[in-house]
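Scroll down for the structure; my scribbles are underneath it.
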């Protein structure tokens, strides 16, 4: 937790100071806790102990099987629903039940309830003030009921049909007696209500049954008279005589039509065979004729004899001629017999046709008779329905009357509830819990006293600490005399936040170009803060910009000593590198920081200086530690270059404003770095697109080697910068050799120096 001071930077709550303030006043706190505990113990010791007893009742159907009435829907009897159980709870709270229990236990003579008209001292004060009604104004019975309700608690157990009856009293035995008495009184009321209901039902059903019996007999007599008058006599159950005759004639007509069709078909087949001269031996009617069978046998014997003689006699032999003559005579007889069979079949078809005509005539007459009977049956069915309805109602009333008579015994009508747990005499009071209450009061007093002391320290300012006093001086701050350039206070804070990852909590709200445009007018405190930030930068306008040092691998060893002298004299400072980039017109600058986050801090200074000099500068955070992101945005969850590489956002969504300058930054991002580097081939295209929008794109690569820079940026013509806070001869030689071997012939060495940029007048810390 932090807040803005009045020109003195950020302040934080000092937990150690707050705890120390409480410890200094420990004597007063302990005394207050002891006093509260003693008062609580004294007050609760004067309160009489209360004992609570509990009875549980289960709501269920308890009719015996012998006298249980069958449900109207044919299913099983259903238990009471939730609304029904809630209604039973209200019955137990009813005034009549409470009065019955009070009379049974003679509570009006009990000291606890007879004292209702004698209120306590506190109650008297409340009555005088008007916060409580005067119990003496109410009748004694009403006062007893109200006091009884205050001691009584009845509720339904959630998602069940169990009702809990709780009653408390200063008399432990009385609490159990009252709880059990309420359960017994409830069961008696329920059983009595069922007996009264059963008796009322029997008294109402008896005359109704007599009247219904008369109406049923009258309705059935009407049905019998009408059936006889309309000639609608029943045959075989519910069918009338006309209906039965109509059914029989219809069946017989279908049979006759089938016989006629069969006879006609057989006659037609035989006739066609005779006309065509075909053999009739295969027809069943011809084969069944005995005369035809005898003739066929004779014909077969003659043909056999003719065949035998044809082997020894010639065709003109008299014997052969005689046999042929016999064979022809037999064929004529067979044809004659077949003709007689055909005539017989035609006669059968004609007889069937005549029968069919007669049956059709009879059927038409019966149809007319049936149509007339149908009109009479409509009235008959109406009379039958009326009689059936009266008879069904009578049977229902008779069944209920028999059931009601069978349950006239009180033992056969138990209440639809039973006690599953009777109240026992409690051994321990449930109120007051003196020890627990004293402990809670002591803890609450301790917490409240500690909070009051801490709030006083905070409001007085003694519990706050400035950020400069909360951290030791860093090496960069002690190096002022050596470098000749003082690092601004805000950047020193950024350096600390990047070197210690545990102190990266957000201290200022990031101001982006969009939010700055919509930002309301600053208050005086904010304006003071902005002035202090601007004054933290030295004025560099009178001093000329120093030129950066260009180094190659060939002369690295020879120029290192000169470079160190130049650095001490303000040589390759941040302002010098910024001037070099402006002179060369470079659009892309790649910064390698072998020292890690310390070098990345200088890169942030370079981007801010370029932006404050009027250039549109963008810093791309390609470090592994996200140091520039934390310095410029104070946030770690912004979308950035990794999100662009994996396609989660566009370039415009990945660019954010710096909190202290007009520079922009593309953070490291929130996507998976391994997945993002699998799309590293897109990075040159992204840099090219950014360079077309911004005057200068600064890419901070952290402690990357030459192969990594070449793999990420390809063969682009870039401006390579080495950011070194404390250059080392061996380290610089190794770096120059590495980059020279991979085609980087020239690069600029940059280290913090004079010429740090002032804050822009239109930017301020949020």
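Cβ coordinates come from backbone N, Cα and C, glycine included.
According to TrEMBL, the domain 'Polysaccharide chain length determinant N-terminal' annotation covers 12-103. Residue counts for the domain 'Polysaccharide chain length determinant N-terminal' (12-103) under DSSP (helix as H, G, I; strand as E, B; rest coil) come to 51 helix, 12 strand, 29 coil.
Summarising the annotation, TrEMBL assigns transmembrane segment to 27-47. Sequence-remote contacts of a segment are chain residues at least 6 beyond its ends whose Cβ falls under 8 Å from one of its Cβ atoms, and for the transmembrane segment (27-47) they are 431-432, 434, 437-438, 441-442, 445-446, 449-450, 453.
Within the model, the coiled coil (209-273) carries an average pLDDT of 79. According to TrEMBL, the coiled coil annotation covers 209-273 (among others).
Look at TrEMBL and you will find 320-400 (among others) tagged as coiled coil.
The feature compositional bias 'Acidic residues' is assigned by TrEMBL to 491-503.
Summarising the annotation, TrEMBL assigns domain 'AAA' to 600-704. DSSP assignment over the domain 'AAA' (600-704) gives 46 helix, 15 strand, 44 coil.
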